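**Q** Summarising the annotation, Swiss-Prot assigns active site, proton acceptor to His26. Annotated tRNA binding site per Swiss-Prot: Tyr21, Tyr72, Asn74, Asn120, in sequence order. Under the heading site 'Discriminates between blocked and unblocked aminoacyl-tRNA', Swiss-Prot lists Asn16, citing sequence analysis as support. According to Swiss-Prot, the feature site 'Stabilizes the basic form of H active site to accept a proton' maps to Asp99, an assignment based on sequence analysis.
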Amino acid sequence: MTDSPQPIQLIVGLGNPGDRYAGTRHNAGFWLLDELLRRHGGALRPERRYHADLATLHLGPHQCRLMRPQTYMNRSGQAVGPYAQFFRLPPESILVVHDEIDLPPGQVKLKQGGGHGGHNGLRDIIRALGNERGFCRARIGVGHPGHRDGVVPYVLSRPAPDERRAIADAVEELADCVEWLLAGDWGRACQRLHSRS
């Protein structure tokens, strides 16, 4: 994390569109967008030129855009890249929210910059931003199946009730921190989220 991160202007929740994938671990980014809209109102509307549904979030004195790509996960850059380019968004002002198999259910970690860590959605966004890796990430833990051969069916399935509750609790806590992220107060958000057990 840098000492003075940019205020977030765009929150991108990653997932796969369609009822088949609703509630799956891979759609953890969508879970956050749903929680923010439930709390603060608004509705996502299709924007075909960006291959995404978009909404504006008003939170205190701050506002930002919410994006739910309507591409499949592996093509998330088709939504994020053109939007960031058109509005000239610095990568540091973009928060990408995604599932993280290397964290247990119930944990959330914030990170600024870095590689894709094998996550195909992040890989495609990095490619679409011209190999720019400086965008921010909120990594929502969904747990690991125990062996790499089981990762794809695991993330594309729905969690057991106890895991679902842990992930939902983490999403709610991340939603509590969004106003700080919009203000650029990463230290406060990290202190709260990274102290979760």
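Just so you know, glycine gets a Cβ as well, placed from its N, Cα and C.
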**Q** Does DSSP give Asp99 (site 'Stabilizes the basic form of H active site to accept a proton') helix, strand or coil?
**A** strand
**Q** My understanding is the cutoff is Cβ-Cβ under 8 Å with a sequence separation of 6 or more in the same chain; which residues meet that for His26 (active site, proton acceptor)?
**A** Leu14, Gly15, Asn16, Met73, Asp99, Val142, Val155, Leu156
**Q** As a test of the contact definition, list every same-chain residue at least 6 positions from Tyr72 (tRNA binding site) whose Cβ is closer than 8 Å to its Cβ.
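**A** Residues satisfying the criterion: Asn16, Pro17.
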**Q** Note down the number of other Cβ atoms within 10 Å of the Cβ of Asn120 (tRNA binding site), including every protein chain shown.
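**A** I get 15 for this one.
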**Q** Provide the number of Cβ atoms within 10 Å of the Cβ of Asn74 (tRNA binding site), excluding the reference atom itself.
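**A** The answer is 13.
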**Q** If you draw a 10 Å sphere around the Cβ of Tyr21 (tRNA binding site), how many other Cβ atoms fall inside it, taking every protein chain shown into account?
**A** 19
**Q** Relative to the Cβ position of Asn16 (site 'Discriminates between blocked and unblocked aminoacyl-tRNA'), how many further Cβ atoms are located within 10 Å?
**A** 21
